[in-house]
Amino acid sequence: MRGSRIKPQLVFALICALVFQIYASDPLFYESFDENFDGRWIVSHKDDFKGVWKHAKSDGHDDHGLLVSEPAKKYAIVKELDKPVSLKDGTVVLQYEVRLQNGLECGGAYLKYLRPQEASWVAEEFDNESPYAIMFGPDKCGSTNKIHFILKHKNPKTGDYVEHHLKFPPSVPFDKLTHVYTAVITPDNHLHILIDGEEKKKANFLSSEDFEPPLIPPKTIPDPEDKKPEDWDERAKIPDPEATKPNDWDEDAPMEIEDADAVKPEGWLDDEPEEIDDPEASKPEDWDDEEDGEWEAPKIDNPKCEEAPGCGEWKRPMKRNPAYKGKWSAPLIDNPAYKGIWKPRDIPNPEYFELEKPNYEPIEAIGIDIWTMQDGILFDNILIADDEKVAASYRQTTWKPKYDVEKEKEKVDEASPGSGALAGVQKKVFELLYKIADIPFLEAYKIKIIDLIEKAETQPNLTLGILGSVVVVLLTILFRLLFGGKKPVVAPVTPPAAPTETTSAEDTTEEKEEEDKEEDKADGGAQRPRRRRA
């Protein structure tokens, strides 16, 4: 806006917001954080959660939010709802804004929608063990980079609550702008995940393709009592028992032998070493023979060898031995006793049940319990509604104006003389690559792709080279998918011991921090190394 002129886009946004407000109903819950949260939100009194929450302004705005103020801390805070929200009838929309003002290298920025507590509800005791109905929002650390959506669903046969994770969730936006995250649960058993009002994921709660594990258990399971018979042969090929080693097969013949036809080049300097002491080097004045040991001059290449074919003792080069055959082994033939790969027989699953729609638990409170390496995470405009128009209205009035200002400032920064035009191009490339990494059929390669992208983001001097590596990886994957070939083996990731509720990036990082501390202790006892050269 310049002078008193109003941008047409702003006028349009205000008109849209007014229309939405006219036709939209009131939200079931809304927290703007315009006022201080003290007395309304309860900070956990648990010893592990020492992170300090603050009522603070978003950078560059007059709008306030709930701020994560310190890095490398655990945070927990909860807000009890005036009335529980049912998810069983009609549409329910869960929406909130979060701004990663200092980025997010390792940590969570998700919300937990808590179900009624088995015992009397004690907000001051809220922590990661508190039972929830839904967990939703960004989580990023190491190989984890996703917008979580986890539904805790009760098995009517066993009474156990099971975490059902959304498959192939969208990735976390990597910039430092305010983003609004929306989860829409509809009566037709569908889930819609929106980022900044744009749908990024659609899933069916009852589909085994969309949740892991599926809400509806399989009808049959392998019989745990079934055992493989002792005479069951799973070898498709076996060594030919009638084959014998040929008489002329020498297993002891070496792979390489000296080249008897080789001759020493003329002018070879037998008496000259390849390296000599640097004649210009001198012992440092602060060198202590007792503490540092006997000083030795550094070595340099012998200049006499540069003009000669070679120096030192001449030896005949090696060549491949034509008589080499290696260890003999019998050729493989089809196994006449082969019965195939054994697997236990299937039996009816005692935990199986039919389900027409999920048995959602009501939401009694909203909580945030995270462990993060970053400060500057700002939560704002937390909303629960039974109408998608309400959520859209709040996006237009609370999120869009802030985002437009931040986006405009980002463009100005990118266009400034110090930033260079390359920064804007790189940003667009990163955005495209993150979208490519989210393609479902690339899931097996997602960790490798995102790891390369993040290295490019955090190491500007290597960006172009790393981006080239990402392109090579993508082309290789595409080639294999189109023309076949052996799939790369993805190294399994051993998860850390998980808390009762869910395993998130915060737990992984905490264990890594403890390992680093132990390594630091070990390093502290190392002796001073001896300096051998200047």
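Going from the start of the chain as shown, residues are counted 1 onward.
Yeah, the Cβs are placed from backbone N, Cα and C, and that goes for glycine too.
Annotated compositional bias 'Basic and acidic residues' per TrEMBL: 222-248, 296-307, in sequence order. According to TrEMBL, the feature compositional bias 'Acidic residues' maps to 249-260, 268-279, 286-295, 507-518. Annotation comment: TrEMBL describes C106-C141 as disulfide bond. Per TrEMBL, the feature region 'Disordered' maps to 207-313, 492-534. Taken from TrEMBL, the feature signal peptide covers 1-24. Annotation source TrEMBL lists transmembrane segment at 462-483.
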Review point. Out of 222-248, 249-260, 268-279, which stretch touches the compositional bias 'Basic and acidic residues' (296-307) the most, going by CB pairs under 8 Å?
Key: 268-279
Check your understanding: How many other Cβ atoms sit within 10 Å of the Cβ of C106 (disulfide bond)?
Key -> 21
Exercise for review: Write out how many residues of the compositional bias 'Basic and acidic residues' (296-307) are helix, how many strand and how many coil, based on DSSP.
Suggested key: 5 helix, 3 strand, 4 coil
Check your understanding: How does the compositional bias 'Acidic residues' (249-260) divide up by DSSP, counting helix, then strand, then coil residues?
Key -> 0 helix, 3 strand, 9 coil
Study note, to complete from the structure: Neighbouring CB atoms within 10 angstroms of the CB of C141 (disulfide bond), all protein chains considered, total 21
Exercise for review: Tell me the residue counts in helix, strand and coil for the compositional bias 'Acidic residues' (268-279), as DSSP assigns them.
Suggested key: 0 helix, 4 strand, 8 coil
